[in-house]
Every structure is written in C-alpha cells, then in structure tokens.
Amino acid sequence: MSHAFTLFPPAASSAARDTDKLYLALVAFSTLIAIAFIVVIIMFCYRYRKKARVDRRNAPSHAGGLEAAWTIAPMLVFMLLFAWAARDYALQFHAPRNALRVFVVAKQWMWKAEHPNGRREINTLHVPVGTPVRLIMTSQDVIHSFFVPALRNKRDVVPGRYSTMWFTADREGEFLLLCAEYCGTDHAEMKGSVVAMAPEDYAQWLEAGPTHAGLAARGYTLFRRHGCMGCHAAASSVHAPELAGLLGRTVHLSNGGTVVADETYIRDAMMEPQKAIVAGYDAIMPSFKNQLNEEEIMAIIEYIRSLGPDTLAGERP
Ligand code: HEC
Ligand SMILES: [Cu+2]
C-alpha cells in the first residue's frame, strides 16, 4: 500500500465520480461562456479598431429577442445544473438501510473509530469495498470536519450532536483522511487514512486485534448501571416508554409535534430529556449529562437498537 498521498486522488466511490462529473460539467460550461466572450471581444476590437472604415452611426439601443435569448438560455442551463446537483446532494443523506455503522469520535487531535463488534482504531478507518458504510460522528471538544478527498465528501463533526455520512468505497486502497476545520495547535496533524479492503480481509481484520465487548453488550451494562432499567424495563412500575424498535419510529411529543427517532433523538433524550417529552408521559426522566461519555452514549444507542427492529432508513438533510 502506498503512502504517497496526493491532494487530488482519483475518486474511490461512484458517488465521488458523480461529483467529479458535476464539477467537470461546471468547468466546461464556464469555459464555454468565457471563450464565447473572448471571441466576441476580439472580433469587435478588430472590427471597430481606430482605422477601420465602418459605419458607426445609428447603433441599435435594443434587441429584444437577443436579450431574451441570452437571459433564458443560461437560466435553463443553470436550472439543469441545480437539479443535477440537488439530486446528488439529496442522495448523500439517504444511507441504504443495510449500511454498516461505524461510530467516530473526534477530539483534539485524533479520530477515534469504533465498529459495532467493539473493534476500535485511531486515525484509521477500515471498511470493506462494495458495502455501504454509514459513519455516526461526534466531537468530544471543538468542531472538527471529517474530510476524505478520494470520496469527495466532507462533514462537520460537532460536539453535542451527531453528524452522519455514508459512502461505498468501490476500490481497494488507502485514502487520506483530514480534519478540514481549524481546531487548534495540531489541527494540521489531525489526519489518518480510510483503508478500503476486500470484504474477506475486512471480516478477518474485524475479528482480529484487541477484543472489547461489542457496543450493544457494553450498552446493556451501562443501561443497568445507570438505572435506566428501573423505569424502562417492561416490569417497571414507572410509566416509561418501551424502547424496543425505537430507531425509525415516529414519536409523538407532548407539544403536539412528531419526530422520527434517530441516533440524535436518543442522544438528546438522555442528555436533555426536557427538550422533547413523549406524549402521554410525565417529564420525570433525569438528565445523564456529564455522567456518560461519547463512547458510552453510543454503546447505549446500539443496545437500544439491538432490542428491536431498526427501521431508520437513513437520515434527512
Ligand atoms: C425515572 C425514570 C427514568 C429513568 C431512570 C430513565 N428514563 Fe428514559 N424516559 C422516562 C420517561 C417517563 C420517558 C418519557 C418522557 C420523556 O420523554 O421524557 C423517557 C424517555 C426516554 C427515551 C425516549 C423514548 C421514546 O419513546 O421516544 C429514551 C430513548 C430514554 N428515555 C432512554 C433512557 C436511558 C438510556 C436511560 C438511562 C441512561 C433512561 N432513559 C433513564 C423515564 C426514565
Ligand atoms: Cu480537527
């Protein structure tokens, strides 16, 4: 594997290639317009040069048809470019349901990743080729930005909430990973690589190395230790909602609104329970702010996911 990273690596996913096509189209269109202008300027410079004997009287002040044409034609082209780009953009926010999940926690100045089976890594992210991967990312301190040039994709990673990103690497290789948001002294050193491997190699890699309990298993331990069980267990005497199958469920709130439960919703339910109260329940759930770190919150989310069907189809923009 080569470590000779270049700043403009060839695209490593079909979505990245689509982005390249869009950029090429934009550059081609701009070039075409620029050339048209330059040609006309040169033609007029020549035709109306000082010594030329041309008729300079009665220059027309209007040409309605011409003006309409040069307004409408570019507008149509721009609308087309807009529709094209909007489609690509919307696709970035609809991860396929079968996507692998990897949790990423950024901190000054490193990227920590954890796979659902508990395998952890720092400043590298191993992924299988040909399988959609969905990253669920947050920061432990300041704003960072997860940027992989080969995937033509970048997402801000913000403390206190999740941002997600998905991609399907379609060739093996090691792709540069950068932090693209100035985050302090060693910002420039906050880099690593995304390693895309053949699925068999990835499966092997996943099973090797230090074994922690999987995320869901750790989440279960935390769920008991922090007393969630006392209210949320089916046998509890406290009136609290059933958490099985929560991911993807449409939750009705006491303020009359609804929300589709995703990772951010569950995170907020634990950190700021007053923010959204489930309709029909009392606001008695305590806040677990400062009691759970980012890895623990992620583990609890995976535990809740393991309880029932996950119908979350991917997030909305
Ligand atoms: C004192 C009882 C109590 C404890 C302890 C408690 N909860 Fe809750 N929880 C509730 C109640 C009541 C609600 C519904 C009202 C609301 O939204 O605050 C709720 C709501 C939630 C929701 C939103 C459920 C939905 O259907 O939308 C989640 C997720 C949740 N709790 C997770 C947890 C986790 C994880 C813990 C432990 C870290 C925990 N709760 C501890 C009582 C509790
Ligand atoms: Cu950073």
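Cβ from N, Cα, C; glycine included.
In TrEMBL, annotation is done automatically, which means it is predicted and not curated.
Quick look at what TrEMBL lists:
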- 97-208: domain 'Cytochrome oxidase subunit II copper A binding' (DOMAIN)
- 214-308: domain 'Cytochrome c' (DOMAIN)
- 22-46: transmembrane segment (TRANSMEM)
- 67-86: transmembrane segment (TRANSMEM)
Cβ under 8 Å, sequence separation of at least 6 from the ends of the transmembrane segment (22-46): give me the contacting residues as numbers and ranges.
52, 74, 77, 81, 84-85, 88
Tally the residues of the domain 'Cytochrome oxidase subunit II copper A binding' (97-208) by DSSP class, grouping H, G and I as helix, E and B as strand, and everything else as coil.
15 helix, 57 strand, 40 coil
Tally of residues which DSSP labels helix, strand or coil - the domain 'Cytochrome c' (214-308):
39 helix, 8 strand, 48 coil
What mean pLDDT score does the domain 'Cytochrome c' (214-308) have in the model?
91
